[in-house]
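Feature annotation from Swiss-Prot assigns ATP binding site to A322, P323, G324, I325, R326, G327, L328, K343; the stated evidence is sequence analysis. Swiss-Prot lists D378 with the feature active site, giving sequence analysis as the kind of evidence.
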Amino acid sequence: MDASVGENPVAQSIAQAMIEGFNKHYRIFRETSRRAKESFEAAEWQAQIDAVRERVQFYDERVDEAVRRLHEEFDADSLDDSTWQQLKLQYIGILMRHKQPELAETFFNSVCCKILHRTYFNNDYLFARPAVSTEYIESYPPVYSSYYPQDEGLRTTVRRIIEDFDWQRPFANLDRDIDNILRAVHEHIGAWPDMEVNCQIQVLYSAFYRNKTAYIIGKAINGYQEYPFALAVRHNPAGRLEADTILLDPWRISVLFSLSRAYFLVDMEVPSGYVHFLRSIMPNKHRSELYTMLGLGKQGKTMFFRDLIAHLRHSNDQFIIAPGIRGLVMLVFTLPSYPYVFKIIKDVFGASKNMDRATVKRKYLMVKQVDRVGRLADTLEFSYAALPLSRFHPELLDELRALAPSSFEIEGDSVIIKHLYIERRMTPLNIYLEHADDDQVEYAVREYGNAIRELATANIFPGDMLWKNFGVTRYGRVVFYDYDEIEFMTAMNFRRIPPAPYPEMEMAAEPWYSAGPMDVFPEEFATFLLGAPRVRKAFLKHHRDLLDAKFWQDVQASIRKGYLEDFFPYPTELRFCNMWSNERGRAHQAA
């Protein structure tokens, strides 16, 4: 691409229109994130949930606006090759001083891909690789603030860190909170080290808001040691603020950013700076996952696909049919050397599935819009994804031709998949249980029931609750990942099975009672879930009430009253109110 910049005024005008479209998108994105602080202060929890749900649509709305503008003002379909080449160069020039160049490049790609034929997707017209560096972009306010405990003491420094967030709601007892923070840190590190000359605490400027909690994210640096932390701040029952816990293990902070959780609301002028800081405390987190959890899902998808293509260049294994029981709706395949599964909607569903392709897509979108409470796997959705034909095992190609012929094409040396979902690979729960000892079975079944309970209180009914539709994560958490029958709890009708008019009817092949499309009889769960003796024993020990319609009806009643359950992305025993409860109890008795 050797055309010089500045020769094509049409390209210059289009580039300006494109950046205006992106800037509008990011302005709305930041306004939504800024309002999260106000909602947190006012305890408007539903507003937080609504903001996350609505934000999912922002990007596509702005892309569609930009596409319409390019068609109406510039007759985009008739642009020649020279103009497309100049357009990218002009756009790069605009981005040289931009605060979000990587996001703006992705926006450019999204707009162009709606206009260009896909044969152009990997050429010089698009950003196949980043063109503008995201290193050292200046920001005001800065990405993070630095505090120096040598100057004013550790206790005063911790107080100032918290007070600098300027929440317009008082703390119930900030001195007590600081005591708890310092005690938890002391117990974690064992002994206070001497302060080195570089001793400092770096804290990301914006708090991270999700549901009812605000998180202060940072790290302490002392000599060659770094100590990451995430401080959770919540409202107490009286409506005042209090520090709920401080997470100090990097893996626990990583769980906070799990894709099975709702996205954060964070006000960022320079998102790449936030991602860079977060990776310094969670080096095993991919940048694509961090962008996604910050609400920048399209950027997460862009970076994920670049990582996948890079992995394919440096590996030689083949895509194969995923192990486990085949699904009735999805064809699932995987690349053994890459920790993800790829899901394609079949052309024809199993006989028991009364739905169409549009319904399935709507259910997967629903999962992105709700609070996943750590129990629903997030998905990346792609259209016209090109993967190398040579990497597809012949059995997988045969399966694609037989079950999803309308969903892919072979063009040259590429397989073009027209619509694709990608999820983190997990161990299917049914396979986990087959190889588990008694203790592992009890743990997994308890986790399974807890997942169902937490989803229910978050207004999510899984629908198909077979063990094969749940997976076990690398942290041992049970997560649901089959969404074609998922529904809102409030849409369901949970019923008890009525008595049989005659005893012999209980032995009949067909039920003696009628059932509507949204009717659920929890008593029936035992029939298809509890066939294995070890599983049955553990389930009845921990979750017998899930077989009673009353449990489900009570949860529905709570949801309809507007009650929002508390979901903690960390063990409740790590909450300050529980960590030293025995000592408080003894002190109270002594008094």
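Here the Cβ of each residue, glycine as well, is placed from N, Cα and C on the backbone.
The C-beta environment of K343 (ATP binding site), restricted to residues of the same chain at least 6 apart in sequence and closer than 8 Å, consists of M330, L331, V332, T379, L420, Y421, I422, E423. When each of the binding-site residues G324, G327 is scored by how many other Cβ atoms sit within 10 Å of its Cβ, G324 comes out lowest.
In this record, ATP is bound by A322, P323, G324, I325, R326, G327, L328, K343; the longest C-alpha to C-alpha distance in that set is 15 Å. When the Cα atoms are compared, P323 (ATP binding site) and D378 (active site) turn out to be 20 Å apart.
Counting in whole angstrom, L328 (ATP binding site) lies 20 from the residue listed as 'active site' by their C-alpha atoms.
Secondary structure at A322 (ATP binding site), as computed by DSSP, is coil. Most Cβ neighbours within 10 Å, among the binding-site residues A322, I325, L328: A322 holds that distinction in the structure as shown.
Other Cβ atoms within 10 Å of the Cβ of R326 (ATP binding site), summed over all protein chains shown, number 14. Other Cβ atoms within 10 Å of the Cβ of P323 (ATP binding site) number 11 in total over all chains.
I325 (ATP binding site) sits 21 Å from D378 (active site), taking the C-alpha atoms as the reference points.
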